[in-house]
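Residues annotated as domain 'ABC transmembrane type-2' in TrEMBL: A:52-279. Positions annotated as transmembrane segment by TrEMBL: A:54-77, A:83-103, A:124-157, A:163-184, A:196-216, A:254-276.
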């Protein structure tokens, strides 16, 4: 038997329900900018509620920088301080490049949890869902860069390019990383599980970041390896970032970074949007 | 068994929320949806009833523009599914089988986000979110992350997110799966209130009681095909008007009991999946009394019996159990 109080409670709920449902108006669908900002807000809220996810942009850079400076410094350059001048721009590139893969993992989680389906039935400009979270990722990459450069400075890193050079270097890294992220969004949409996705990302990123000019001068390598290192996009970026930080940046170096970024975006952004729209 | 065909169920084209013809969706070699014809009248609840893997979810995902059909056509409020996706998306909403909510965000944040994505301004989205949280009895949980919600609360916030702007057509995929009875009743109340305000609801369920309680019309789906369609009463009538259900004390007496009933009363007897129950199609209450006394004469003890219209469970078992051996019916044959 339903008790009197429970009955009253139920009636009150029904009343509120009916009112809430009936009072609903029908606003115009949001603009592309509004929906992009909403998705960016979502990503920021996620950082607020799950601060652990910031480990990759705070702890990783610190560990990487300390580890490689003191591990290789003496052996490769004779002294850690000298090596740091060479290493820091490169390891900054490497760290941020590795962080980009989390973009794909977040998207993959959305798909498996079903919220992706809800977004896809909304009357919105669909790419805004991706661009919104990529914008927040750019904030994360900036944070990793600032942390790493600050620590480097404390360890004795002295960029000859000055503040403007450092800022320019960060901008180059952000442009490149934003473009690189589209590769992971494609993978995130295709691959079924987070584990497989991690594996693919590592398989691509590990050789790409290590077989580059991040750690060593490619002139010391066998010639077949040297020619690969020279065309490796990570090397292209590391060269430009080094140039910017040490005041030797050339227009050609910037143009190469932009060309690589445009190519990655032009190929993988449309594929991402197509897959997003037509996901089974 | 006869398929339910309702000639009186005819309406103007403008009355339809969904009109689908011969929908097909194939995954590899598996025909997940295999020629589904469907008409759903505006402002009603339509139930898809079927076991796991019958093609209910796939059909919903096709109709909600999430999957492209491999065959057939459909109109949602007169808009072509293949050409007018945006028109359709602005009128529908989908609540998937798994809570399609960001679990790391709070209930309030989720609803505000949905409001913004539906086109509300920042302030209006907050007002609407607060209103919905209150209506759904979640105001106390507004500032908690959804991952800390109970199953029932999760389901409610999920439905709330679907009706931030009340949709004209709401798809609910197994809205009460895994809920306790009280939460289930709350979800049912919400669905009734929605329909009361004019929303059309298409829901899938494995629970016959749910279809019975909520749906104006029911389609029974099995292996991607609609094997029966009609109101709950029509479906029950298609199986038989009266059913005597008996539960015996001793399992070993069941075959003898079935024999006696078939011989003396000449009725069809079905053995149920458990070892002690059987049902018989009987239209006459005097025969029921006779059946019981026949069993008593033969010293067969009955622990429980009931007489009435068949439950949807029985309808379902009869329909799906015999579907394979039946000749293909013209209405549902592969088109």
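Every residue, even glycine, has its Cβ placed from backbone N, Cα and C.
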| query | Can you name the far-off residues of the same chain, 6+ from the ends of the transmembrane segment (A:83-103), with a Cβ under 8 Å from a Cβ of it? | reply | 53, 56-57, 60-61, 64-65, 68-69, 72-74, 76-77, 133-134, 137, 140-141, 144-145, 148-149, 152, 155-158, 169, 173, 176-177, 180-181, 184-185, 188, 197-198, 201, 205, 208-209, 212-215, 234, 237-238, 241-242, 244-246
| Stretch of maximal Cβ-Cβ contact with the transmembrane segment (A:254-276) [cut-off: under 8 Å; candidates A:54-77, A:124-157, A:163-184, A:196-216] | A:163-184
| note | Per the Cβ under 8 Å criterion, with at least 6 residues separating them from its ends, the transmembrane segment (A:196-216) contacts 68, 72, 76, 87, 90-91, 93-94, 97-98, 101, 104-105, 108, 183-184, 187-188, 225, 228-229, 232-235, 238-239
| remark: Beyond a gap of at least 6 residues from its ends, the CB atoms lying under 8 Å from the transmembrane segment (A:54-77) belong to 47, 83-84, 86-88, 91-92, 94-95, 98-99, 102, 140-141, 143-144, 147-148, 151-152, 155, 215-216
